[in-house]
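A.B. asks: What follows is a structure written as structure tokens; I'll ask about it next.
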């Protein structure tokens, strides 16, 4: 591997390349003209020329890794020089000079998306992979990777910023768009409109956790739950609530929290490793190996403790936008990981790490590490088993202190280590593989997800780099016009109360927390949205009343993916259209051997002309993808589920593929969970325990102008203990031929004047 890839410093040095020749000449000419006293009157024009020349320059460049697979199935890594400018991503075999033609290029526009492919392995090397593709033409894609996760995230951020600017240039005309002001913050301005830069809220302790061990200055007898544990400087919490769906032998969840003086990336590298370095910080670890790599974010691992106990579990990880990492564990059974002679197979109900950055102190990085474990170590004798389990669980949690001590005695805290490759598991003498699955259907879903990922994430064969170059069409992008801050703020009025008795769905409505297979509407104040002062202080406030009312929820299953379910005759959307109402349909598509669809219907009596909601209904797909936001929450569920789902607002169009259908009186969005490896990983952890969960989902249109503040939520749903077995099969062949809102031809996919909706786009 070239030396320039041997360290992050060399890559950063390579990244600070020169501007293209044309841009350099333009900058020099503009500067010369502005220095001439005779041209003082044209100074503004000269400065504009300077800005235009700078914009024409390279945004980001440097050596990265090309990743792909050959026709025979073997992967390859190629070192290439990538260049990203205002509209184009391209790569070369060497650093470009003059008008060198790239090996391949991709036009960056508002239809592009950056997908996180996770970690990929090739001949003992692991890289963090990104795939950039056009959602309308998925064959147009570039896959790139980096050994350093921070490098990959820097590229991801730059590319997404350009995509956002392209969307703003199309949808924020004559408006002061938030995304355009992100540069103000980077240049020291007082305004910033990015959610990523908002002040992180304190990580509130869950009310179900109580302090088990306290380390401090107070006397022990001043704390009623004091226990004589070793003073290792950790806070240890134990869950109080008993969970009825777990075996009696499964311990309560316990969590250790500590601060480590190291970067998140360095800690993440150690946590993911299963080699000899783990002995230095994990006193419970004996041996570990890789059973199967499902995708870049999910793997099946075999793990042995120092006690006669072993595990087979699925490990899922992701990196959040704030730089934190989440690594989650859950036991499963796998045909290539049978029970081993001399070991008792333990069971992880919930477990994992949360690695969050803290403010530096004395120039040294600091990170908060949380490690939670809820495990059943099995055993014959009840009293002995409980005592052994408690002692063992504390030893497992003590690895947080081990991480702290490991980094306190090494000077490599600023270096992000490469994640080592784990050896493939060798089958030992094991019992027959026909034992009962501990988690019904989980293995099948992992296999199905792997197959789905191979289809959705399949790459163009790139054994050679003789790829056609995409030409960049010239386009004149108008600058966003800004309005005065004193402009009147327009917000959508809450809807009038609607009689919902005429609507029904497969799931029934029930507000009782203990009810099963039902839904209700959570309080709107549960969700925090951007306030009027968000551009200045990034403050968020509880949401006001919903813009639309949740009328019903359907729960469908079929052998194939179900698109445009609102075309069914007699469904809520059709009934509402007959009554002159408008319906927003959200179809959450869940992949697997059996395809599921969770369909939510939000209705309103009217759409106010010129309102943000009306513009969302009648806008184009680029506008919808750049605005539709989901706020998830898990009021009731295990720690592993709460961490995997999270509560951070997410633009659906960026995270997964969304398709829109504007029908007669309704707008449907089909959310394809199978289009994202990250979303698939979350689904694998959540779907197996969906019957034990209470989940909230709120949908809103992101406010990107001063006029649209504060944000308003379209609607929300709370789903309780959903049973997959109760899903019904939709009759999608029985469709309606109702006229659309604008009196078009008879079709369920008829178009509005603003949008060609006769065909479905992605």
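Quick reminder: no glycine exception, Cβ is built from N, Cα and C everywhere.
Unlike curated records, TrEMBL annotations are generated automatically.
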A.B. asks: If you look at how TrEMBL annotates this chain, which of 416-435, 476-495, 496-515 comes out as region 'Disordered'?
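C.D. replies: It is 476-495 that TrEMBL describes as region 'Disordered'.
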A.B. asks: Can you dig out which of the ranges 351-370, 371-390, 391-410, 451-470 TrEMBL describes as region 'Disordered'?
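C.D. replies: Checked against TrEMBL: region 'Disordered' maps to 451-470.
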A.B. asks: How many of the residues that make up the domain 'PH' (57-164) does DSSP mark as helix, as strand and as coil?
C.D. replies: 16 helix, 56 strand, 36 coil
A.B. asks: Across the whole of the domain 'PH' (57-164), what does the mean pLDDT come to? Round it, please.
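C.D. replies: Result for the domain 'PH' (57-164): average pLDDT 81.
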